[in-house]
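J.: My questions will all concern the structure given below.
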Amino acid sequence: MLEWVEKYRPKTLKEVAGHNEIKEKLKKWIEDHIKGKNPKPIILVGNPGCGKTTLAHALANDYGFDVIELNASDKRNRAAIRHIVGTAASSKSLTGKNILIILDEVDGISGTEDSGGVSEILKVIKEAKNPIILTANDIYKPTLKPLRDVCEVINVPNVHTNTILAVLKRIAEKEGLDVDEKTLKIIAKHSGGDLRAAINDLEALALGGEISPEIASKLPDRDTERTIFDAMRIIFKTTHYDIATLALMNCNEDLQTVEEWLAENIPNEYKKLEDIERAYDYLSKADIFLGRVYKRQYFGLWKFASALMTAGVALAKDEKYRGFTKYSYPSVLNLLTKTKAKREVLKKILKKIGEKTHASSKRAREDLELLKAIIENNIEMGADLVRYFGITKEELENIVDKKLVSEIFKIIEKKKKEEQKEKKEKKIKEKIVEEKEKKEKIEEKVEEKIIQKEKEETKEIKVEETKEQKEEVKEEKKSKKTKKSEKKEEKAKQLTLDAFFK
Ligand SMILES: Nc1ncnc2c1ncn2[C@@H]1O[C@H](COP(=O)(O)OP(=O)(O)OP(=O)(O)O)[C@@H](O)[C@H]1O
Ligand SMILES: [Mg+2]
């Protein structure tokens with residue numbers, strides 16, 4: 001049985017709901033190609049499930065083109081892409097039809113570990129004679145600038161709620177579902193513009209046998225990130241090790257929660273007893289590893305736990321089970337609202353960790369597991385990390401035992417107080433030193449002034465002294481002179497006396 005999203009995927013542009021302007025642009029673009037004008041390749045940019053891939057296929061179908069579609073971010077496709085460019089020089093397929101090349105998810109190649117990817121795509125664009133449509137969720141990463149420069153970027157907006165409602169109504173009618181408009185509206189609104197998600201939700205509810213507004217309002221959060229449902233689908237449907245291990249990449253659940261989900265859903269997906277037995281066997285091994293991560297701080301084991309859970313369960317089956325499986329929440333439905341709130345909080349925590357460690361959300365999830373293990377084994381260190389990441393008490397209560405949380409925040413408060421005290425003391429000390437230095441400087445200045453004054457005084461005294469000395473000398477000279485003249489006078493007197501008595 002085909003999934004509804006595939007069953008109801010529009011085949012022609014007319015069937016694609018909304019996006020009227022974009023359809024016109026695309027038509028003109030491909031007509032220009034047919035006329036040999038060779039316009040720039042187009043990048044369709046938009047959130048998941050808004051219809052990018054659908055638009056490209058519908059366009060090809062309307063104009064009788066064959067499609068070659070490749071996931072651009074998958075390295076294994078590089079050779080294939082090059083090969084196509086090499087052989088498609090005639091720009092016609094084996095059937096003689098024109099070929100439209102669709103390179104999906106080009107934003108997936110922006111990682112630093114794959115910097116060659118972009119230049120390879122650029123080469124393809126330069127050499128290919130065929131029309132090319134690229135798709136991406138986010139094209140505004142700096143590494144993708146060269147692609148933006150050589151392509152025409154067309155933004156595909158989220159699908160309007162009313163448009164989604166119309167599509168859901170049509171599907172419900174065709175499937176003969178007994179569902180009221182209110183329920184469909186809830187599903188449409190809840191999808192946040194992601195038509196794929198809306199159709200998937202409707203299918204899940206239909207398979208569950210009960211479609212009511214109450215159940216619809218409890219649907220899991222469908223934001224633009226992959227949810228645990230998608231992770232389940234990947235793990236259960238793939239038989240590839242690589243794909244399975246990447247299933248949790250964008251899923252904001254901790255490993256224990258994923259384990260619960262897998263445990264609940266293994267018998268929903270797998271039907272052969274041997275498959276079920278093997279899957280549970282891997283899951284129990286994963287559980288042992290996970291336990292050791294927490295109990296003994298063997299952080300390296302986290303990877304094994306994760307691999308056993310994803311790839312172990314995926315490879316437990318002999319072959320893929322076709323058809324749609326409704327994955328259910330661990331235990332009861334009322335867990336839904338609880339886990340939704342918890343997921344929101346978890347997302348916030350992961351964001352905080354990611355911001356500090358500059359890591360991807362996958363890495364942040366690993367870090368979170370480590371943080372939990374550290375908290376259980378070394379609470380002081382755990383408290384330091386919680387504080388470093390800026391995780392609040394309320395947030396932490398969602399992932400760690402409440403008792404531990406209050407202990408952690410006691411430690412944090414204590415440390416904060418100690419630090420404040422230290423800060424204060426440091427400030428006081430600094431002030432004392434400052435004052436001391438000031439005082440010393442003033443003293444120095446005073447001393448300098450005293451010395452200067454003394455110098456000036458001695459100078460003055462000296463001047464005075466020399467003056468006095470000079471005066472004294474003068475005086476002496478004067479007295480000498482007078483004495484001399486007195487003597488002279490006396491002598492003269494004597495002489496006159498002598499002369500008189502003679
Ligand atoms: N505008 C639309 N009209 C009708 N059906 C749509 C539309 N958009 C999406 N769908 C439905 O949702 C499914 C997914 O759409 P599509 O694969 O085009 O999304 P996308 O934008 O390429 O998403 P992604 O970024 O995840 O590749 C389609 O199979 C189709 O059933
Ligand atoms: Mg797509």
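Positions of Cβ are set from backbone N, Cα and C atoms, glycine also.
All annotation found in TrEMBL is predicted automatically rather than curated by experts.
Copied straight from TrEMBL:
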DOMAIN    38-160  domain 'AAA+ ATPase'
BINDING   GLY46, ASN47, PRO48, GLY49, CYS50, GLY51, LYS52, THR53  ATP binding site
REGION    461-502  region 'Disordered'
COMPBIAS  461-478  compositional bias 'Basic and acidic residues'
J.: Among GLY49, LYS52, THR53, the binding-site residues in the record, which have a C-beta under 6 A from ligand 2?
T.: LYS52, THR53
J.: So if I draw a 10 Å sphere around the Cβ of PRO48 (ATP binding site), how many other Cβ atoms end up inside it?
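T.: Summing over all protein chains shown, PRO48 (ATP binding site) has 18 other Cβ atoms within 10 Å.
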J.: Looking only at the compositional bias 'Basic and acidic residues' (461-478), what are its DSSP counts of helix, strand and coil residues?
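T.: DSSP classes over the compositional bias 'Basic and acidic residues' (461-478) add up to 18 helix, 0 strand, 0 coil.
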J.: Based on a Cβ-to-ligand 1 distance below 6 Å, what subset of the binding-site residues ASN47, PRO48, GLY51 would you report?
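T.: Only PRO48, GLY51 meet the Cβ criterion.
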J.: Starting from the Cβ of GLY51 (ATP binding site), draw a 10 Å sphere and report how many other Cβ atoms land inside it.
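T.: So the Cβ neighbour count for GLY51 (ATP binding site) comes to 25.
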J.: Through the lens of DSSP with three states only, how would you label GLY49 (ATP binding site)?
T.: coil
J.: For LYS52 (ATP binding site), what is the tally of other C-beta atoms lying within 10 angstroms of its C-beta?
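T.: Its Cβ has 26 other Cβ atoms within 10 Å.
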J.: Using the Cβ centroid of GLY46, ASN47, PRO48, GLY49, CYS50, GLY51, LYS52, THR53 as the reference point for the ATP site, which residues of the same chain not in that list have Cβ within 8 Å?
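T.: Going along the sequence, the neighbours come out as THR54, THR135, ASN137, VAL156, ASP194, LEU195, ARG196.
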J.: If I restrict to non-local contacts, at least six residues apart, and a C-beta distance under 8 angstroms, what lies near GLY46 (ATP binding site) in its own chain?
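T.: In sequence order, LYS52, ASN137, ASN155, VAL156, PRO157, ASN158 meet the Cβ cut-off.
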